[in-house]
Amino acid sequence: MTSDPRSLRVPARSRSLFNSIKFFVFCHSLLQLAQLLVSGYMKSSISTIERRYGLSSQKSGLLASFNEVGNTILIIFVSFFGSRVHRPRYIGAGALLACLASLLMGVTHFMSEPYHYTKTSNEKSANLCQSESSVTTSSYNQTCLKQETPAQQGIYPMLLLGQLLLGVGAVPIQPFGISYIDDYASKRNSPLYLGILLAMTSIGPAFGFITGALMLRFYVDFDKVPKEEIELDTKDLRWVGAWWLGFLVASCLLFLTALPYLFFPRNMPKEVSQLPCDILSIFVQEDPEDIDPEPESKEQQQQTDTRQEPTLIQFLKSFPKIALRTLRNPIYLLVVLALVNLSALLSGLATFMAKFIEKQFSQSASFSTMMIGGVGIPMAVLGTVLGGALMRRFNLSVNGASKLCTIAILLCILTALPMLFLGCPTQNIAGVSNNSYDLLQCSSNCHCSEEAFNPVCGSDGMEFRSPCHAGCQSVETDNFSKVKYTECRCVGGLSFALPRSCGSGCEHLLLPFVILLGLTAFIAAFSQTPSCMMILREVPPEDKSFAVGVQYMLFRVLAFMPGPVLYGSVIDTTCILWGKKCGKQTSCQYYNLERFRSRFLGLQVVFVCGGLLCYLLTIVVLRKRDRYQESDYQMVNQKISENGKEKELIT
């Protein structure tokens, strides 16, 4: 008989590709990328959805955080079911549910009436100062009746439902995927596989923001309105991008990445440590001789697992006890509270920082979103990686990790404080700014609509809500189809106005602000890896997985759910002019930029200071514990020496 090793590889080629843990890691990386792309895309489009459907920032913040509701309720049971279920199929089912949720949010666009705004060229006389009102009551009532249909009123609940289903679908994806990889990957390759998945958790939202920046350049109703009838550009305050398009794309990606999980087995052969770990080896199956032999049959292994694993009732009964025991650890509690502060900061900034850049520096929504996805998130990823590298390079203990976190957050405060002073005052708006209320008297006989919003910038630098509010009586169009309103009663100087916002005049401060923002994200991310290591080293081995689950549950309950709502409520307090449609309040049209900047970024500083306080307390607690341990050690040594002296005297 020949013992050629090549003959042993034939059965390996006949085995399915789905028996390879490397192929599972490859598929799971793509799935996490698609799933987190949806989450990042929602946050990148939140200000556009707010403008499209007339939502307040508080409502849009609730929408952004609503996916955490279903996730928080069900995440507890994931730690119980663990390997009891067919994990790949549950991951696939969760991905398909997330696909349905993304599709549901995108479909709401087709249920909506076309986007209505105060137009510039069509019905020009309706925008100008006239002695009699040109808006007919019948057309006004017809428009309002369309806005009050059941389909229109059900759009916001449908978006909430989509976010809820998205959170439920995401529950099994990461926990089951990590545990499945940890069970069947070799000890040598397992850290690399998990590192790839953690990288995808950061790259996914970045891709979501970049996708949002691309999609928001298209007009929201490009599928309903001919191109020649679209009068707005991306810099117009009335512009609404195609927010819904990214959800349809993400839904297709989720569907494609969910299909392979229907073919992965419940159990697969254990990977061995000697296998090379490169990309090409994903599609190369393991040799049968390299697979560790199973000491027991599958039936015997399942019987032993069922004996050792507690029932659901026992798990629910033991949950409060283990949670209290874990939270009584002062280091664990302080580090988790520090991370809760930083997570609340992250949730608010990820949701509304693009809106802040858009309003504060007079930028388009797509450009502002690109700044978050192209600068903020990559710098945070780099900081996280370097924080872990420092931990490994200097082999830091828990004391060293707490000092590193404290220094990082202290430097974060130093880079965040200057951002409070990078900004400009609110532009002069007639009827809104101080000492400008008299300007509206000149247009009191123009019968201007209270709901008109077509901002124009006067030749004297004063901004008006519409040409009618500026008292403009005629309009001119040049050879390049550029509109210019003339004979404006309320405009000083040359008495003309251009159809655009005057802006804040802060465009020159955008570059230093983005640099400080990226630097702050980079430094703050240094604390992520050391904090996780502190948690894992301070918790008993039998409680590690449970402690991590409690940690993420607290993140959702105390940070990710209330964070965007809190930030949105703070932003609403800075609004100085709310929009109106059909007699109802809609989204904010103008903000007090100084209040917006001080309250929005001031809340950021508050959360950073909260994290700094928790890390300082960890240093204090660790020092006290070290002193007690030293005193106990000295007492033990003293007793040993005394016992030794007594023995010498006796002898």
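Backbone N, Cα and C define each Cβ position, glycine as well.
Remember, predicted model here, so these are calculated numbers, not experimental data.
These come from TrEMBL:
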DOMAIN    21-629  domain 'Major facilitator superfamily (MFS) profile'
DOMAIN    436-489  domain 'Kazal-like'
REGION    289-308  region 'Disordered'
TRANSMEM  21-42  transmembrane segment
TRANSMEM  62-83  transmembrane segment
TRANSMEM  90-111  transmembrane segment
TRANSMEM  155-180  transmembrane segment
TRANSMEM  192-220  transmembrane segment
TRANSMEM  240-264  transmembrane segment
TRANSMEM  331-357  transmembrane segment
TRANSMEM  369-392  transmembrane segment
TRANSMEM  404-423  transmembrane segment
TRANSMEM  509-526  transmembrane segment
TRANSMEM  546-567  transmembrane segment
TRANSMEM  600-622  transmembrane segment
Mind pulling out the one from 192-220, 331-357, 546-567 with the most Cβ pairs under 8 angstroms to the transmembrane segment (600-622)?
331-357
Below 8 Å between Cβ atoms, which of the listed ranges 21-42, 192-220, 240-264, 369-392, 546-567 makes the most pairs with the transmembrane segment (90-111)?
240-264
Distant-in-sequence neighbours of the transmembrane segment (331-357), which means Cβ under 8 A and at least six residues beyond its ends:
40, 43-44, 46-47, 57, 60-61, 64-65, 205, 209, 363, 365, 368-369, 371-372, 376, 398, 405, 409, 510, 513, 517, 524, 527-528, 531, 534-535, 538-539, 547, 550-551, 554-555, 558-560, 562-564, 566-568, 571, 596-597, 600, 603-604, 607-608, 610-611, 614-615, 617-618, 621-622
Looking only at the domain 'Kazal-like' (436-489), what are its DSSP counts of helix, strand and coil residues?
7 helix, 17 strand, 30 coil
